[in-house]
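Under the heading O2 binding site, Swiss-Prot lists His58, citing sequence analysis as support. Annotated heme b binding site per Swiss-Prot: His87, in sequence order, evidence recorded as sequence analysis. The feature domain 'Globin' is assigned by Swiss-Prot to 1-141. Per Swiss-Prot, phosphoserine is recorded for Ser3, Ser35, Ser102, Ser124, Ser131, Ser138 (among others), and the stated evidence type is similarity to another entry. The N6-succinyllysine annotation in Swiss-Prot covers Lys11, Lys16, Lys40 (among others), and the record cites similarity to another entry as its basis. Taken from Swiss-Prot, the feature N6-acetyllysine covers Lys16. Feature annotation from Swiss-Prot assigns phosphothreonine to Thr108, Thr134 (among others).
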Amino acid sequence: VLSPADKTNIKAAWDKVGAHAGDYGAEALERMFLSFPTTKTYFPHFDLSHGSAQVKGHGKKVGDALGNAVAHMDDLPGALSALSDLHAYKLRVDPVNFKLLSHCLLVTLACHLPGEFTPAIHASLDKFLASVSTVLVSKYR
């Protein structure tokens, strides 16, 4: 459960992300593909090379979805219901991949926001991404 302090931290961090959400999403995906090569199996139709338009496009989707989740932190299941359905029923993504992408997102944010990425912000973002992951895998059961 996200505390009021967590919510404040998450909103403050996401305000710093701002218009870079898509770029950071794409960078996190690239990190995930490089660090965890098995995740590439879900993107056989993508050009996974550095800076590819397809990775950038999917990174924007990731960034937009997270922005939507930040805006609806008090109703993550409602805000992410369609994405949960898509990943569980159509794409059939292994739930562990959400944790891997979350880790890569944290690394990416730490690289781009070193002054703002305090231990408290890190902890709040980690809890938030874990909550998002939990919602995304909720339809698997």
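Cβ atoms here come from the backbone N, Cα and C positions, even for glycine.
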Starting from Ser3 (phosphoserine), work out which of the recorded positions listed here (Lys11, Ser35, His87, Thr108, Ser124) have their Cα within 10 Å, and give them in sequence order.
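Correct set: Ser124.
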So what's the mean pLDDT when you look at the domain 'Globin' (1-141)?
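A mean pLDDT of 96 is what the predicted model shows over the domain 'Globin' (1-141).
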Given the modified residues Lys40, Ser102, Thr108, state which is nearest to Thr134 (phosphothreonine) when distance is taken between Cα atoms.
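Smallest Cα separation from Thr134 (phosphothreonine) among Lys40, Ser102, Thr108: Ser102.
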If you draw a 10 Å sphere on the Cβ of Thr134 (phosphothreonine), how many other Cβ atoms land inside?
15
Can you count the other CB atoms that lie within 10 A of the CB of Thr108 (phosphothreonine)?
23
